[in-house]
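Some notes on the structure that comes next.
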Amino acid sequence: MKTNSLTEGNISKSILFFLIPILVSSLIQQLYSVVDLVLIGKFIGAEATAAVGASSLIITCLIGFFNGIAVGTNVVTAHIFGSSDRSSLKEIMQTVWTAGAIGGLLLMVVGLTLSPHFLKWMNTPHSILDTGVIYLRIYLLSLPAIVLYNLCSGILRAMGDSKSPMFFQVIGGLLNVVGCILMVAVWRKGVAGAATATFISQTVAALLILGHLHSKKQSVRLEFKVKGFNPILLKRILAIGIPSGVQAMIITFSIIILQSQINKFGVHVMAAFAAYYKIEMLIYLPILALGQALVSFVGQNHGAEQYERIKKGTSLSIRWGILMTACISALLLLQGPLVMRLFTDHQQVIFYGCQIMKVTFPFYFLYVIIECSSSEIRGRGEATIPMVITLFSFCVVRLTALVVLISQWHDIRGIAAVYPFSWAVAAGLMTFARLQMEKKEHKL
């Protein structure tokens, strides 16, 4: 297993070379849902697009929790790797395999059972409810595969290997594109076909990464059995992973609350937001990849007690992220109608989508500050502070702002403006927390 130390050498090169495979992997993973939505919008229609958009938020919320657990896996593994404690690496793998398999299956069963209730609670229009339930239930069958893939990716990245997860995602992404085209455009299987193609591709990617870990030398080989499960390591993982998972769920949960208000504006506005969320990922995923790279960087350097290197790495990441986000945001704003046409030909949906982008994209640089600051804090082993800040900013502040802004703007701009308002609060609080932690560390 090829691993790389992030505790030595040029900081820029260390982060950049580690970041690129994570970004490619994230973009490929997002390709799953983008291809679904593009083909559904073109071959089925706006109502199907709206149904998939509503379902996708629930999927994101459920997966987000286990992605948080993956952050815990990443941080604990990185601390162990950075401190050169190789004897615990295999125990981490066995513990994550057992917990991930059981947790993924339980999450799938809960999701399948409650799918109709979730969509009804979000005020999903009755005309698209059945379509949304079909898509959601088939997609949820892939949850065990998604959970295991993300947890195993966290282990590999913590040890400096971000390329292997990328290769497996590329294979899965190609399968998804081909499968979705066949299911939706050729065989006309509707939203069920799109979800089935995604299920197959996610499962293949998970099998590939599990096989990769199983094929390595005995000292770090994954065994498909409970032997080696370490409850103490699981407790360490969950101490970071649960707050990180709750943080991810809070973000998505707040969006679901907003979605319940969006749904009141009708199918065309729902379709516009569904397309917007996919376009937004072109900005969000590079920021998220930067944060994931920074977590591993900080985790390894924290284990090696390289504290000054951590500060320099975070500062550099924030500067890179702001520049990158400004460029992508400007390009998308200039080409807004053209990008929206990838998802729909309906002029009213395109108009609404462009309005949303104009309100949010100029302020997306704030999310760089949020992600990089919270990644440094979590990489040091403290996950509760980012969770509390996220809870306050993305629930209390965001929902309060929703009431105020909707009363001022009686249209979708009021909903869209909630995002940058809450980002500004979160960015300020997260920066303060990060600087206080660095100041305290400097005194020690």
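Note that Cβ sites are derived from N, Cα and C of the backbone, with glycine treated the same way.
Note that this is a predicted model, so its numbers are computed, not measured.
According to TrEMBL, the protein carries these features:
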- 12-32: transmembrane segment (TRANSMEM)
- 52-76: transmembrane segment (TRANSMEM)
- 96-114: transmembrane segment (TRANSMEM)
- 134-156: transmembrane segment (TRANSMEM)
- 168-187: transmembrane segment (TRANSMEM)
- 193-213: transmembrane segment (TRANSMEM)
- 233-261: transmembrane segment (TRANSMEM)
- 281-299: transmembrane segment (TRANSMEM)
- 320-343: transmembrane segment (TRANSMEM)
- 349-370: transmembrane segment (TRANSMEM)
- 382-406: transmembrane segment (TRANSMEM)
- 412-433: transmembrane segment (TRANSMEM)
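Across 52-76, 96-114, 281-299, the stretch most heavily in contact with the transmembrane segment (233-261), judged by Cβ pairs under 8 Å, is 52-76. Contact check: the transmembrane segment (320-343) against the transmembrane segment (382-406) gives fewer than three Cβ pairs closer than 8 Å, residues 6 or more apart, which falls short of the contact criterion. Here the transmembrane segment (168-187) has long-range neighbours at 24-25, 28-29, 31-32, 35-36, 39-40, 42-44, 149, 193-194, 196-198, 200-202, 204-205, 208-209, 212, meaning same-chain residues at least 6 beyond its ends whose C-beta is under 8 angstroms from one of its own.
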